[in-house]
Amino acid sequence: MVKYFCCAGLLKSTWDQVCIAFWQRYPNPYSNHVLTEDIIFREVTPTNCLKSRRLLTKTSRAPRWMERYLPKHMARKAYIIEDSIVDPQKRTMTTLTWNISHARLLSVEERCVYQINPDNGSWTEIRREAWISSNVYGLSRAIQEFGLARFKTGVTKTMKGFEYVLAKMQGEMPSRSLTETATDRARETALAAKEKAKDLASQAQKKQYV
């Protein structure tokens, strides 16, 4: 049994800008899990379409109950193949990605179509489909649910990463949400409190030896 997921997204930038950002979106603050990207081949077809294949290496921390099914050197990395075709005449870009590492445990195939938004020619819409499956007997449903939840989280980060790169391309300071700003401040406060606690502990220890 395969879990199917479909969603649509909107980027308030032109299709040309989004296509350029697609090749420049790594690194960004929302893609720290992407370690490497390598072009395997690239060609221009007789109809002037650009076809590419890339190999991406990503961190992919599996939950502890799943790690025992993976070799130690593979439990925290995933290798992804990404095929893409840019059609400048139809003004579409289609990508297909799938994992080649521990695919029997969890297989995720994703298809995205980037095209001009029919209601606003200056915006780009993304139609995203995913097929998630597992061949582990007795655990396939749990693994699929885990894969789907992680995929949905990844979609949110992908869109934020796109918006960040597009803002930089357009010479704008990428905006940060109130939640992100509050999180950073909380981390700074916690770090300051930790350092203060260390100082107090050190002072208390010195007094014991005076």
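Yeah, the Cβs are placed from backbone N, Cα and C, and that goes for glycine too.
The structure displayed is predicted, hence computed values, not measured ones.
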**Request:** Kindly point out the range from 115-134, 175-194 that TrEMBL annotates with region 'Disordered'.
**Result:** 175-194
**Prompt:** Mean pLDDT for the domain 'PRELI/MSF1' (2-174), as a whole number?
**Reply:** 91
